[in-house]
Amino acid sequence: MTYHPKSDFIAIMMERGFLADCTDYQGLDEALVSGTQTAYIGYDATAQSLHVGHLLNIMMLRWLQKTGHRPITLMGGGTTKVGDPSFRSDERPLLGPEQIDANIAGMQKVFAKYLDYSDAKNGAMMLNNAEWLDGLNYLEFLRDIGRHFSVNRMLSFESVKSRLDREQSLSFLEFNYMILQAYDFLELNRRYGCVLQMGGSDQWGNIVNGIDLTRRVLENEIYGLTSPLLTTSDGRKMGKSQGGAIWLNDEMLSPYEFWQFWRNTTDADVGRFLKLYTELPVEECDRLGALQGSEINEGKIILANEVTTLLHGAEAARAAEATAREVFEKGGVGDDLPTLSLSPAELGDGMSIVQLIVKSGLAKSGKEAKRLISENGAKLDDAPLTDAGLMIDAAALASPIKLSAGKKRHALVQLEG
């Protein structure tokens, strides 16, 4: 791209690799230069925590605020009841109001780590689209809003087309999602002067619908900006690991496990991830990303420390690094490792090593645990495990034991009391 932005926000987005597409670079850039603008990203409340896959867009909101503009985090209390069909192969399970509220409460904890929700001129706002969606009159909505949408055009969006091409069912409920999301943008523009919606590139169709609707109804000029859907250099979806999703709430994933996820970054991704997930200068990100051989580990440790500090604080980052050094360099146990605590009643006369590997989160199933053992991928206190029938009793847990799956995943098992 040859466009040379005037605004700090667009310049940072381009320089650090956040941009996939924009509906009007020049128009948005000029709006951002003219004064404080308001932008939003929407989040459906489908889980009790956000995960690493959401982190790129959270960093976009953080940079938006750091460059003087107001971010809105829009909770999908209304749209979660419908479910976003974008690029999904099946319909999302429907959640009840209590579960949606609990999920929103869990997600809010994360946003407060990255954004300033004070009364400052560009203080962030947290809103819930249930505020305007729950009370909609269906017939009035069809008359006033539905008439602006072309079904032909909606069917042409890749997010819908790909599902229909596979001859997979798309319910009328899900089909309405893009209309509701478009209406969100209209309401945010009308109520709060919001001029920009951001999201992953899979949201392009939904964003464009919102822009078109707002132009038709309010005759206001607004914009859309998307980020790339990230995969790692080896093709894995960002935010997933062998153990499952990398959650951002510490009650669902310990700061140590979060730190370790970033420490395990593939060499080829270090520079790119430093630009996207930290606030280090671009020149320093490039320097660290260009390190070769064992020297690249410096970049990985800095990446892990910087990202963990943003989410969990500097003390948690230091503790995670210290635990990693204790475990990997000195062969120790480490106080900050994920820990499985068993009561005497739960342990009973003993528990199989396969059960312990599963319960500690190092394997998803007994079958996977047995495979780890048979392929020499499991260790007990740094010694290879060879017997899948091994029983662990209270005597064996007189002091905590360390279980390992491969070289990088570890957990402690201890007896309570």
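Cβ coordinates come from backbone N, Cα and C, glycine included.
It is 45-54, from the ranges 45-54, 205-214, 215-224, 305-314, that Swiss-Prot records as motif ''HIGH' region'. Looking only at the motif ''HIGH' region' (45-54), the predicted model's pLDDT averages out at 92. In the three-state DSSP assignment, the secondary structure recorded for GLN181 (L-tyrosine binding site) is helix. Helix, strand and coil counts under DSSP for the motif ''HIGH' region' (45-54) come to 3 helix, 1 strand, 6 coil.
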